[in-house]
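Database features (TrEMBL):
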| type | residues | note |
| --- | --- | --- |
| TRANSMEM | 12-34 | transmembrane segment |
| TRANSMEM | 55-78 | transmembrane segment |
| TRANSMEM | 121-145 | transmembrane segment |
| TRANSMEM | 256-275 | transmembrane segment |
| TRANSMEM | 281-299 | transmembrane segment |
| TRANSMEM | 338-361 | transmembrane segment |
| TRANSMEM | 381-402 | transmembrane segment |
Amino acid sequence: MASLEHTPTWVVATVCLVIVSISLTAERFLHYLGKYLKHKEQKALFSALQRLKEELMLLGFISFVLSLSQGFIVNICIPETATDFMLPCKRDNHSAEEEGAKICKKKGDVPLLSLDALHQLHIFIFVLGLVHVVFCATTILLGGAKMRRWKHWEKEIHREIEKKLQQPNIEGKPLSFVLHQNHQGEFVRDHTQGFWMKLAVVSWITAFLKQFHDSVSKSDYEALRSAFVLKHYPKIPDFNFHKYMMRALEHEFKRVVGISWYLWLFVIFFLLLNINGWHTYFWLAFLPLFLLLIVGAKLEHIITRLAQEAVSSLSNETEEVPTIKPSKDHFWFHNPGLVLHLIHFILFQNSFEIGFFFWVLVSEGFGSCMMERKPYAISRLVIGAIIQVVCSYITLPLYAIVTHMGGEFKLHGFASDVHESVHGWITQRKKHGGGDHHDPDSGGEVKVTRAAPNERTGSSHSMLMAAAADLDEIVTVDDVHGGFRR
């Protein structure tokens, strides 16, 4: 094998030219994509792109470490008996001709990792990162395509509001009350018809099945939108809930693009369990599918519970009409953000499955023992495709709307300048006033309450001027964790 000093210079120059050209093309593409997002004022998606660049930099650093340490790794020798168990494939008798193998053979040992195996591991890490990014992009595109259908419903509601504004209030009732009665009445009837719906088992089964058929109906959207607006902006019935929801989802998407440390531990753990005869990756394919169906059923069940609680408020004679009251008590551990973490894990685990499949297919071929039997391999591929479609087109849109039924207000649903100014204000308050030093960008959820005209101080007024111009009112921000109030 010729070294670089015995390789023609035209070969070296040509290979470098190709590699540098591809790298610069990819870098310029990401650069102009970032400029386009900035021009369109898509700061949340721009942040997601920056997060993607960070992940690519991490992958590049891993590649650098592997390349730098490969000479050291292949010269680490271990007893041959240590390599006789936990094998992904049955070993055939063969003799390695690598320099490290020759050195270890003189000692009666074998290399810890061959140069070829190290090169394959190198490629697998890049394939995993690439597939995860592609899957995340596909998820947000398919989910966004479905949620854009809801924009027509939002426009219909606004047209209905305009018509109501041109008419005198019915029996002296305010407009918000009339709209609330129209939008939430049908929703409550649809979700509580029949005595059998009061049974927990039946309601869970119904929720599980509903996610596959009309997961978010028009009456669902109108009722949940009405509940949110009545809680946070009762005096602004034409609040653009769809725009707010999409902005909040775009902001949260940047958390899904990244690969967290615990996800890397997950990769290491399942690489460890890839043992011949265990069919680990076949059974592993069912884990994200199971979690995805549970998450979808839970989100649908939260919608059902909101309707059931609205009916119980009528039976207690506390309300004139069914009233949907958002509450985070319906979520697991009272934490709506936990659902996003589960979706993140599901997407990454599915990326791991599909990435591993294509890595083995390209590097070893379809007949490789790591691919296992053809029925197992094809089943994994089909399950991965199903997970991607269900997560993109069903679960993500469900999460996008149901997460706002936690009773809290997501400030990043506003324009980016409002989000940044308020978070900057929160950070300054903590620096000067003490309190909990959590990351203000960790969740972006704050409690928002209406302020009376005489409570509008200069600082809060200037801080939320953009929001006031858009929403026709001033809000005060209560930091959920810090415990202080403006």
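Using N, Cα and C of the backbone, Cβ positions are placed for all residues, glycine too.
If you look at the transmembrane segment (121-145), the same-chain residues 6 or more away from its ends with a CB under 8 A from one of its CBs are 52, 55-56, 59, 62-63, 66-67, 113, 246, 249, 253, 256-257, 259, 267, 347-348, 350-352, 354-356, 358-359, 363, 388-389, 391-393, 396-397, 400. Same-chain residues lying 6 or more positions outside the transmembrane segment (256-275) and placing a CB less than 8 Å from one of its CB atoms are 48, 51-52, 54-55, 58, 86-88, 128-129, 132-133, 136, 139, 281, 284, 340, 343-345, 347-349, 352, 370.
For the transmembrane segment (381-402), the partner stretch with the highest count of Cβ pairs under 8 angstroms, out of 55-78, 281-299, 338-361, is 281-299. Outside the transmembrane segment (338-361), and at least 6 residues removed from its termini, the chain residues within Cβ reach (under 8 Å) are 120, 123-124, 127-128, 130-132, 135-136, 139, 252, 255-256, 259-260, 263, 266-267, 270, 281, 284-285, 287-288, 291-292, 295, 298-299, 331-332, 368, 370-371, 377, 380-381, 383-384, 387-388, 391, 395-396, 399, 403.
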